[in-house]
Amino acid sequence: VEEFNLKPEVLCNFLRAVESDYSKENAYHNSVHAADVAQTTFALLRMGGDKYATTPLETFSIICAAFCHDMGHEGKSNAYHVNSKSDLAVIYNGVSVLENMHAARACRLLTSAPADMNLDILAGLSAQQQESFRALITQAILWTDMSHHFSKLAHIKSKISTHGRTAEAVKFYQNIEGRSMSTVLLFILHVADISNPAKPAPIFVEWCERSLNEFYEQGDAEKKAGLPVSPMCDRELTVKSDSQIGFIKYVVRPSFVTLSDLVPNVVDVILPLLESNLQYWEEGQ
């Protein structure tokens, strides 16, 4: 706040505007999810991830991206939009449809909000900083596209294997003219976005219920429209415990284990919770 001459009331106005762009009808992709991802991102930064930020602007932008990363979400996945040939899919040529939309809505709010709304969080930044900020949050939001998860994870693992695990060795940045964010920070936001199974009980169970309820609504819509039913979206075939076991074993746990090489506190703070929650589902809860 002090670094960028940001008034607290302006920040609050901005966050309220962001919140209003999340649908209250969505069981999962709503403002509570946005706040949860932002809090988790902040926690991972405080646990040691912040040392990978090259500038305060980068830290500011990754937290802002966390709040904004699902703005305008309607409760349907990229696959649904592409298969249904929605307007969004046409606009973005079927590529990271939702993520492009979320980033566009965030940048529109940052640049086009009426002055009387008093929510310009970039007012204290130079023109160059403002341009960099928008580029950084766009890059961060695009990184949350799950279709690129395994390639991104492989990229991070490759870098760690090549450069080692010391704090200095793993500072592999793409900070060209301040317009590209640290790969580590991008990864932190992505991991925060899939961190539900690593939360304490009963929070992780509640998030599971919310996500599956939203998936089932999409599956119902896909069946009605004669579209392919997406994975975990068929309420008649999906087994809740199996869906969570697979998600933890093949997506979430490998991500946090990799992150622990970069942020060692993850080993003691998060991995035990994740293992406990995995056991919960394996016991058939």
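First residue shown is number 1, and so on along the chain.
Note that Cβ sites are derived from N, Cα and C of the backbone, with glycine treated the same way.
Here's what TrEMBL has on this protein:
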- HIS29: active site, proton donor (ACT_SITE)
- HIS29, ASN30, SER31, VAL32, HIS33, ASP70, ASP193, GLN244: AMP binding site (BINDING)
- HIS33, HIS69, ASP70, ASP193: Zn(2+) 1 binding site (BINDING)
- 1-285: domain 'PDEase' (DOMAIN)
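Note on proximity: among HIS69, ASP70, GLN244, the binding-site residues of the record, the Cα nearest the residue listed as 'active site, proton donor' is that of ASP70. Residues belonging to the domain 'PDEase' (1-285) score a mean pLDDT of 93 in the model.
The 10 Å shell around the Cβ of HIS69 (Zn(2+) 1 binding site) contains 29 further Cβ atoms across the protein chains shown.
Of all Cα pairs drawn from HIS29, ASN30, SER31, VAL32, HIS33, ASP70, ASP193, GLN244, which the record names as binding AMP, the longest spans 23 Å. Each residue contributes its Cα atom, and for HIS69 (Zn(2+) 1 binding site) and ASP193 (AMP binding site) these two points are 9 Å apart. The secondary structure of ASN30 (AMP binding site), as reduced to three states from DSSP, is coil rather than helix or strand. According to its DSSP assignment, GLN244 (AMP binding site) is helical. When secondary structure is read from DSSP and collapsed to three states, HIS69 (Zn(2+) 1 binding site) falls in the coil class. The Zn(2+) 1 site is set by HIS33, HIS69, ASP70, ASP193; from the centre of their CB atoms, other residues of the chain with a CB within 8 Å are HIS29, ALA34, VAL37, ALA66, HIS73, HIS102, THR144.
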